[in-house]
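Single-structure report; data block below.
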Amino acid sequence: MTSERKMLVTSALPYANGHLHLGHLVEHIQTDIWVRTHKMLGIQCISVCGDDAHGTPIMLKAEQLGITPEALTAEIKLSHEKDFKAFAIDYDYYHTTHSPENQALATTIFERLQAGGDIVKKTIRQFYDPVKQMFLPDRYVKGTCPKCAAVDQYGDNCEVCGATYSPTDLINPVSVISGASPVEMESEHYFFDLPRYEELLKDWTRKGHLQTEVTNKLSEWFEAGLKQWDISRDAPYFGFPIPGVPDKYFYVWLDAPIGYMASFKKYCDERGVSFDEFWDKASKTELYHFVGKDIVYFHALFWPAMLAASGFRTPTAVYTHGFLTVEGQKMSKSRGTFIEARAYLAHLHPEYLRYYFAAKLNGRVDDLDLNFDDFVNRVNADLVGKVVNIASRCAGFINKRFDNRLSSELINQKLYNDLLSAREFVIDAFVSRDYARAIRQIMDCADKVNQYIDANKPWVLAKDESKLNEVHAICTMGINLFRILITYLKPVLPMMAKASEEFLNSEPLHWGSIDKPLLNHRINTFKPLMVRVEKEKIEAMLVQSKESLMTTPIKENTPVEDSNLISIEDFAKVDLRIAKIVNAEPVEGADKLMRLILDLGDAQKQVFAGIKKAYDAEELIGRLTVMVANLEPRTMRFGVSEGMVLAAGDGQGIYLLQPDAGAFPGMKVK
């Protein structure tokens, strides 16, 4: 199957100051399924993404860790790419906004906006941290809400009463970074004149480029009136300098969406593809963005206006999805439901999640809930019990009784055609992003196949040598029907599809390859394609997620204040002792915990320490370290912890304290 259509598809860029979590994966799995669907149709569908690598949070986190922002973002990019690969999320190019391509494009767009009279300079007043000597973004100021008097609220909105306000409206404002009281200062900023493009945006947003819910929301914003958009930030800042303007930088939200263009530009340079064919104002290609509902304002207003004003094409569509909740609630670190991708991967197969998300995504802006009982049921009953079971039941007979060769006839062409007739429905559902509808149809087809096998009972017929031809024909039918099902599921389950192609001894499956069944065809020995979800694995994942919070070595943005000082008498209450590690073993079922037996000279104590990822058990045995010997024992799921070993941490690594030569077990640390 081939097509003349050419498509460029993007997902929102993950921010490069932390690891991916399951909330990120909703969008990237949604995008990947859509792209794979179109590639199977023979369409030139290119998908690009990259890390959003600029801004104050990255600058501050790098400073806290004692590394450069470039080093931080490079490390996080590797982590993101590793997680995406593990979940079979396959971008044609994955880049970073901190790149020469992005700087060149951001500069070009800014200069075109400036030449067109779309850039306005204004003097603004904002909070300034006198200790850090920097202007403070809204989220880096906290204080008492001016509306309801709730304390410890951010500088842009109150999480208690929902009020929005300016940071300067806060009562008793404090810098989150240093703890100092900020002062108001003036600064000249650069603004994009968004109201100038109100009519263009009204026209664009009402022409089918957005979901109906998003269009309706934008109508509210139009009624409230569009405002000029501040696209500059003051030094110090990690980003691209504004050309010819000292100590001014492009705001991260100016160059972040341009990162889509930059990633594609890099792809074009390496593959010999025409960049202008996809981004020229008169382009006949298609451009699609997948984004979360929290950033729709940027993608449905600022972005198309900025593109149009600078002479580039606007998106064909912006597809918006809702948030991920877990067990009906916002993801929570304390409950262990703030689950990072790598914590999930330590316990569960990535395609369980791909299937579950697909079964819940419907093309609307609804939130998606991850309910673990439902998760187990859908994977075990539907995916394993219905689909994989078909291949498992039929392949055994073909492998053992018929030398791995399928029959030369298809005994139920009507049933084969019945499943084949669902193809257009399934494709249409995937293309319209109603994956849940596609999955329901596929499972209905799987039910028909299982009913066919149950009705014909090849396991009973196999006991009668005279019925072996029937067994051969029934199981050949089952294998071919499974082939249709796995083709339908291939955009969702690419890893299982690849394993199925190897089992079927076939070319890569696509939408047209199932027109003809496999007859008189030799297959390979069947190997399990997927196993059932064990609830214990989910529980272990949740435990690991909680432990990840408990063993976090540092807390970000916590200034040392006078209120945190203790007296020498308080410090003297802590009994610090030199301890020898006489035994160390990783705790089974815990991702970070190591069980240590510590010798204090006159006694031994058991301690559970979150150092499993930093050290091998063998290298710890015999080492001296420092422990808190008089800490109240704490009962954990794995046993009683009778103290605490001391370690340093920078957020990326953990380093046990070790005394100089001459220290011995039991020696008091003073």
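Using N, Cα and C of the backbone, Cβ positions are placed for all residues, glycine too.
What Swiss-Prot says about this protein:
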type	residues	note
MOTIF	14-24	motif ''HIGH' region'
BINDING	Cys145, Cys148, Cys158, Cys161	Zn(2+) binding site
MOTIF	330-334	motif ''KMSKS' region'
BINDING	Lys333	ATP binding site
DOMAIN	570-670	domain 'tRNA-binding'
- Message: Checking distant contacts: for the motif ''HIGH' region' (14-24), what same-chain residues at least six beyond its ends satisfy Cβ-Cβ under 8 A?
- Response: 51-53, 55, 57-58, 61, 72-73, 76-77, 79-80, 83-84, 96, 323-324, 326, 331, 338-342, 344, 353, 370
- Query: the motif ''KMSKS' region' (330-334): which same-chain residues, six or more beyond its ends, come within Cβ distance under 8 Å?
  - Reply: 21-23, 323-324, 545-546, 549
- Message: Please report the Cα separation of Cys148 (Zn(2+) binding site) and the residue listed as 'ATP binding site' in Å, rounded to an integer.
- Response: 27
- Could you state the whole-number distance in Å separating the C-alpha atoms of Lys333 (ATP binding site) and Cys145 (Zn(2+) binding site)? 25
- Here the 10 Å Cβ neighbour count for Cys148 (Zn(2+) binding site) comes out at 12
- How many of the residues that make up the domain 'tRNA-binding' (570-670) does DSSP mark as helix, as strand and as coil? 7 helix, 43 strand, 51 coil
- Reduced DSSP assignment, Cys145 (Zn(2+) binding site): coil
- Note on the structure: Checking the binding-site residues Cys145, Cys158, Cys161 for other Cβ atoms within 10 Å of each Cβ, the smallest tally belongs to Cys161
- Task: Could you name the residues, excluding Cys145, Cys148, Cys158, Cys161, of the same chain that surround the Zn(2+) site, i.e. Cβ within 8 Å of the Cβ centre of those residues, in sequence order?
- Result: Pro146, Lys147, Ala149, Ala150, Gln153, Glu159, Val160, Gly162, Ala163
- Note on the structure: Across the motif ''HIGH' region' (14-24), DSSP labelling yields 3 helix, 2 strand, 6 coil
